[in-house]
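This report refers to the structure that appears directly beneath it.
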Amino acid sequence: ESMREWGEGQRGRERVSSRLCWLRCCGGGEPRPRTVWLGHPEKRDQRYPRNVINNQKYNFFTFLPGVLFNQFKYFFNLYFLLLACSQFVPEMRLGALYTYWVPLGFVLAVTVIREAVEEIRCYVRDREVNCQVYSRLTARGQPPSSAWATSCLFLFITQNQRVPADMIFLRTSEKNGSCFLRTDQLDGETDWKLRLPVACTQRLPTAADLLQIRSYVYAEEPNIDIHNFVGTFTREDSDPSISESLSIENTLWAGTVIASGKVLRLGSGSRQLTNPSPPLCAVPQIGLFDLEVNCLTKILFGALVVVSLVMVALQHFAGRWYLQIIRFLLLFSNIIPISLRVNLDMGKIVYSWVIRRDSKIPGTVVRSSTIPEQLGRISYLLTDKTGTLTQNEMVFKRLHLGTVAYGLDSMDEVQSHIFSIYTQQSQDPPAQKGPTLTTKVRRTMSSRVHEAVKAIALCHNVTPVYESNGVTDQAEAEKQYEDSCRVYQASSPDEVALVQWTESVGLTLVGRDQSSMQLRTPGDQILNFTILQIFPFTYESKRMGVIVRDESTGEITFYMKGADVVMAGIVQYNDWLEEECGNMAREGLRVLVVAKKSLAEEQYQDFEARYVQAKLSVHDRSLKVATVIESLEMEMELLCLTGVEDQLQADVRPTLETLRNHSRPRSRVWMLTGDKLETATCTAKNAHLVTRNQDIHVFRLVTNRSEAHLELNAFRRKHDCALVISGDSLEVGAGTPPERTGKLTCAVGDGGNDVSMIQESDCGVGVEGKVSEGAGGLLAAQRSVRGCQVVVLGWEVLSNHRAVFSSVFYFASVPLYQGFLIIGYSTIYTMFPVFSLVLDKDVKSEVAMLYPELYKDLLKGRPLSYKTFLIWVLISIYQGSTIMYGALLLFESEFVHIVAISFTSLILTELLMVALTIQTWHWLMTVAELLSLACYIASLVFLHEFIDVYFIATLSFLWKVSVITLVSCLPLYVLKYLRRRFSPPSYSKLTS
């Protein structure tokens, strides 16, 4: 159980933006450093939560209360709950209780079932992770046992197994004493990361000996940085005691996957367990459309209150007028249709299904079924570059030595120089004298090229892995260094590209372990180098280095490579570094500066003593280590510049070209990258995010808001111009707190490092190495709006002719329709045609993708604007009045049948309005219309209590109802035709 102390207090994750409060879930205060004792039973007295991943919103006891709370915290649902509860008061009751409770119960049942399905899916995914079985370390002589990932044990993790918790790397079965991790689910990088075990535990004879030693691990306090770690491992039962520093290279974070070998780990728990913020899927997500509907609901409620007050005022506030106000509120409550919520929720499910089945984006998984129409209203798209727009596969393009540069078409010259160096070393006759000037120049250039290539071949963290027939076979393949069996593994695709290039020009990395490297020359000679120190790349230092000793000469050399911004102050003065770095970056290349420094034996010994001491420090270790390393990083010899290029995804160019055309005249698409400004600009051009001849405004570095406003004004004065801005300037320009535009954003990424961006956006898209876009989002947004309009219109018509009926009968608060008629109107009589609108299309999906201007109406919110809403309210007033006054005019002698007359006209009007709304007919829409009409006719047999069946079967009733229905609908059909003829919408121009 003491293992939990380290596991629960471990490393943060970038995918969680809030700070870690480890002790918060354990009843404590601020996070603090932890000490984990091994072989000290007396100190195992603390208990911590199990290592369980839980991404669910609710548990068994909180599910129903939680779902109901999330539903009733919005005005729309709370309104209907209050209406239903009011019917328990006798003086307010207008009809049977089921009239209000059945529709509300149905709405809640649909929501609860949908939430339950998503919770079950989430539970199944979590259970698959939590129930993974691992091998457990047992004492010597005992058979191995198994343990779940949630257990707190020493666990063996084999190749391709997921790491269940944050842990310390103790031992490995690999011959070279290291292992590789896949971290794509953590930081978005697809390349393998090298990890090293604790040296003193790796040296133990057997893994079972770990259970016999007395030691402890000190770990720093938790933080959100996944790229650094400070700790120490101390073994107390040795003489003298052994202390080793622990860094990021000795850790295995939860969620990573072992890519090679078998490891033994120590630790349990992870940063995710102690994070106070809920996971992404546990946050109730509400789309802009739902918020707009909620806002319109409040407006309708305001109109309801006004109408009720007018009715009571026309009665001169006689008697118990306050009770009459409440009764009128209940009588006209259908002005806010409860069926709207049902239709929208069911529509969202269908939209999510359509997106999953989109052939343009196969394999799509919709994680949230509550916001699919959000995709059709995105104003700003923010996309990660590496792995999303690009393949994260690097190709070596350029070697620059200052006076000469080699491109892809001249690599044979580099190969010739390397071949000549090693050929002359082995064949140069000792008696040769007086070489010519040409020969000297040739040797000078060859040695410069050789030094650069050798530095590139040695300064890296790449390990050659030998495989045979798909199965790792180190023993046999490594003996012969078979080229066909060798695969390079590294934490960066840049490094793999560089080592592959050195192989192509004749200097091949054929072997590597923790302490040595082997290079093979063009003449098949093996060069052996001892690795004395490695300084890994970090995002803070932007460079990496290695100190090696040449076994053949004993020379010690310090090699370093890094970004030009940091290397410019490390290398000796030169007049070409800055200029050539800029030139290569403008070609879209990632530039690395390579340098070296020769060290005397005494100089290295002094450095090593200071370096080891700094690494054992637990306070300000990073600063102390950096200070020691910087003592070597002075006046280094500049060898060369290297340039590699990341390959674009196959379908990025057409997709971004469409988005760029859509975003004019204002910038709407943002590419986020950590590259140099020139490299990012070139990549944007290659990807067609900006055109080749488009102006680019580089936002200069600003320090305050005034400077930012001046720079923004300069940008606004330019036309059709792309903007490039650094993160520091963006932070200043956005302000604190940031300014709000009210526009929707969509974030696209491919890895765990993009999750924070996706969480902050209104809509997130996670991709697997490929960018594509379907039209499901646009069509979903259009259909949702139309469905909302039709549902609101139908219930507005009902409420309006109820108001007319009440005014005719001296403003009496008497309901016109009772019981099953209202339930039927909200379900089987009108639901099928309205729901069939999910099949409607303005244009084909291909046309929607080809003409992104179609999105503009949705972006501006026109389909559900206040103007559009007012038009539909006026239509409902006209139709409600027409139905009621038409009944009074044509049915004066049979007015006792007002329910049959008005309700039949109401049903027909609703069905015709749905037909009027449809843009592209689908055969299921016709079926839905006919099915609803058939349901109404068939139900008349059971509704004889409310409607006289013999009366509505007369010819006089039929033609008069037809006239009323035509008068209520025909003018709208005429107006629609005239509008399409003289002011056609944008989509109609494309469908003709």
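Backbone N, Cα and C atoms are what each Cβ position is placed from, and that goes for glycine too.
Those TrEMBL annotations? Automatic predictions, nothing curated.
Over in TrEMBL, the protein carries these features:
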ACT_SITE  ASP384  active site, 4-aspartylphosphate intermediate
BINDING   ASP384, THR386, ASP750, ASP754  Mg(2+) binding site
BINDING   ASP384, LYS385, THR386, GLU495, PHE537, LYS561, ARG590, THR673, GLY674, ASP675, ASN753, ASP754  ATP binding site
DOMAIN    41-101  domain 'P-type ATPase N-terminal'
DOMAIN    803-984  domain 'P-type ATPase C-terminal'
TRANSMEM  60-82  transmembrane segment
TRANSMEM  94-113  transmembrane segment
TRANSMEM  296-314  transmembrane segment
TRANSMEM  816-839  transmembrane segment
TRANSMEM  869-889  transmembrane segment
TRANSMEM  895-916  transmembrane segment
TRANSMEM  923-943  transmembrane segment
TRANSMEM  949-975  transmembrane segment
Check for me, if you would, whether the transmembrane segment (949-975) reaches the transmembrane segment (94-113) - at least 3 Cβ pairs under 8 Å, residues 6 or more apart in sequence.
no
Which one is it, among the binding-site residues PHE537, ARG590, GLY674, that lies nearest to THR386 (Mg(2+) binding site) by Cα separation?
GLY674
Minimum Cα separation from ARG590 (ATP binding site), reported as the residue among recorded positions ASP384, ASP750, ASP754 that achieves it:
ASP384
When you tally the Cβ atoms that lie within 10 Å of each candidate's Cβ, which of the binding-site residues (PHE537, ARG590, GLY674, ASP750) has the highest tally?
ASP750
How many Å lie between the Cα of the residue listed as 'active site, 4-aspartylphosphate intermediate' and the Cα of ASP754 (Mg(2+) binding site)?
7
What's the CA-CA gap between ASP754 (Mg(2+) binding site) and GLY674 (ATP binding site) in angstrom, rounded?
13
At a 10 Å cut-off from the C-beta of ASP754 (Mg(2+) binding site), count the other C-beta atoms across all protein chains.
27
Can you give me the average pLDDT across the domain 'P-type ATPase C-terminal' (803-984), rounded to a whole number?
77
Work out how many Å separate PHE537 (ATP binding site) and ASP750 (Mg(2+) binding site) at their Cα atoms, rounded off.
22
With pairs restricted to those 6 or more apart in sequence, evaluate whether the transmembrane segment (923-943) and the transmembrane segment (94-113) have 3+ C-beta pairs under 8 Å.
no
Looking at 60-82, 94-113, 895-916, which one has the highest count of Cβ pairs under 8 angstroms to the transmembrane segment (296-314)?
60-82
DSSP-wise, what's the residue breakdown of the domain 'P-type ATPase N-terminal' (41-101) into helix, strand and coil?
32 helix, 0 strand, 29 coil
Cα distance, ASP750 (Mg(2+) binding site) to GLY674 (ATP binding site), nearest Å?
15
